[in-house]
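Lifted from Swiss-Prot, the feature list:
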type: BINDING; residues: 36-43, 100-104, 154-157; note: GTP binding site
type: DOMAIN; residues: 27-315; note: domain 'tr-type G'
type: TRANSIT; residues: 1-18; note: transit peptide
Amino acid sequence: MFCRKYAFQTWKQFSRFYSAVNNIRASKTRNIGIIAHIDAGKTTTTERMIYYSGKIKRIGNVDEGDTVTDYLPSERERGITIQSAAITLPWNQHKINIIDTPGHADFTFEVIRSLRVLDGAVTILDAVAGVEAQTEKVWKQASSLNLPKIVYVNKMDRPGAGFSRTVQEVIQKLETRVVLCNLPYFETNKESDLEFKGVIDVIHQKLLKWNEMDANGNEISVVDIDKTTPELLQILEKSRESMVETLGEYDERIIDSFLEHDENYLKIPPILLDQVIRKATIDNYLTPVFCGASFRNIGVQPLMDGITKYLPSPLETSLPEITKNGKEVPKKADDEKGLVVANDNNLTLALAFKVMTHSTRGPMTFVRVYSGKLNAASNLINTRTGKKLLIRKLLVMHGDSPEEVKSISAGNIGVIPGYETDFQTGDTLVSSAVAKRNFTAKDSAYRLLPIDIPPPLFNAAIEPHTAGDEAYMKQCVETLIREDPSLKVHLDEEMGQVVLSGMGELHLDIVRERLVNDMKAKVNLKDVVVSYKESYVGKKEKEAVITDEEIEVVVTLSHTEDARDYIGQEGALVIEGDNNVILLSQTALSEHVQATIDERRWKCENNLEELKEAILNGCLTALQMGGPILGFPLHSTLVTVKRWNAPVEQAQEQALNLMNASRQAVQSLKNEEKDFSILEPIMSIKVYVDSNDLGEVSHDLTQRCKAMIVEIQDQSTQNLETAAWAKDEATKVYVPPDYTIKKNVSKFDDIANKKIIVAETPLREMIGYLSKLRALTQGRATFDMTLIGMRRAVGNRVDSIVEEYKF
């Protein structure tokens, strides 16, 4: 049997290569995300990838809290990834930009804004747990953006690991075709138990075994699979047959090659298989599957090969939506220059997808450059503010360690350091390769597709220890909001508290920890509560008129079911997060103001658009100031500005007067509690539970959580019963037997014994539910929930909410 060492480059070779990594062209660049359920091994796998690329000399450990990508103290303490860390590394003459994203549901916004700037994703699954709830959620998010994906089945060394079972779940739950690029390889130890030792490379027909004596996983023996290894050869033949049949349905070249090689599945050239798998992956026709055990350093290098071979470059993905003055801009992909926008080779467009403040380095803005080249010591313009800025430095990130670069080319991710208040998440940045370009108003008209921010669901109040601590507390809160746009803040004037609103309990717990432990803010922290709303439910439209000398504003208040109906309507300001609309009627302009415009007697220091914006802002402020019951922000409310007037023929500033008048007008309409109701968030939840625990968990949901059970599904067949395609596909794919599960049949529950409870419940009842669920099921159950919408609270629900908030 021929055996040789796998030819990996040394750390020194990679270090020399890295000095030129920033010059690698776009076609050799891969922007990928690491996404999965919490504890599937995302950060551990990323740490191995960094090590094998030569970026670090020692492998970090999540349990010991010394990994590169989890560098916040709260991340290292909890062993989870909270902020997505960006890192650039070299591999096989390619450049891989990795965004390590969170796996906890509370940090979904981090995942969303990371996916927006990626070209592909690696989905990591726990071979014992299979496809978990958060995995399905993030997979759907990635699919909605048409991101090509590969799957890595991790933790194959664990008792109860089931590679084949997990692959079947991928097909059934994630509804995707698969090709198995490698398979797990086991050997029997002295105790007659199976141990995971390596992988079978289906494409190249090799057995890759990792040397147990090499603690870092660098030494890999590569053995040809042939007649001398009959058991492996049989598995390989079946796997090749399944792969060829799947690929043959996509690309006729596979069928032609199969016929040319005497209908022998093993003789089809690996290079052709790689080409077709790549094309099919980029087309989202199928998903390549790899396996390994990252903690034991097995299987990571083939995964890295798969990233460079199968995931797309920035030139091969869907071109980003770019508008100018609301109209689509022409764009094309160029192999040398990357994306070219508006036929201007010098035009640089970048998206600020993340803003954070480092404890020692200060503000850092993460950007994805879409076209051109962003140069250090050059000017750019922020199209949101219209402000021109000189960019002195540019960085690429190695976890928490920056490396200064002269430029960031199209398709790459980097960092702009400094500029504390100049950037926000979602900003479009315009620059030029021409150093002395003069920016114009036309440059400020460019927009890259903005990032949608989901509405927060939980609140937590904070108070300074003393009046002297208030200023620093506010400064810290402002910093956190710039970093995390899914975090909101408002002042409860009645209680004198600053209220933070976030996506979940853990989200707000981390925010509070950062305030106290990282920022050393002296604050008192209140318990997490649900974010309620109030809504106008009066049967008739209410009208108010505010007059003050020559200032006049007339507004009406009514209920709206769906604010999105007003999107695109002239004069409408739609606040989707709160389902509110402020509508400036087309006939709202008074005859006096219209005559002043027609007769060109306008002397007001504000122009017409500024006055309209002031009126809208005044109405918006009133909505956010809350309703008459408990002061919750208004929801599902339509404010219509019927008429307004101001002495615009006078040389005075009128914007503030109109803003105050419109705010007072809306406030005056919120004087009767009987016209308003409290709304509470209603969640759709899925509880993943063993059959043995089904009764007790269902009873707890209906009695304690006030839930309405919609249905109970069989986890193993939920998609097979509803998707004939998935059933057919699952039977076509060859997967080897899960010998490890057979060995542990007495220790581990069969997946067929799993149930899914689908229910609807008020969010208030789900606070602390995970710990209660684990106590009920000895830690075996998990759950996932999504917001259905806001629903009117009635009866005892109103009483409990009032009791909770009135002191």
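Every residue, even glycine, has its Cβ placed from backbone N, Cα and C.
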Quiz item: According to DSSP, which of helix, strand or coil covers Lys42 (GTP binding site)?
Solution: helix
Practice problem: For the domain 'tr-type G' (27-315), provide the mean pLDDT of the predicted model. | Solution: 86
Quiz item: Looking only at DSSP and grouping its letters into three states, which state does Thr101 (GTP binding site) belong to?
Solution: coil
Practice problem: Specify the secondary structure state of Met156 (GTP binding site) as given by DSSP, simplified to three classes. | Solution: coil
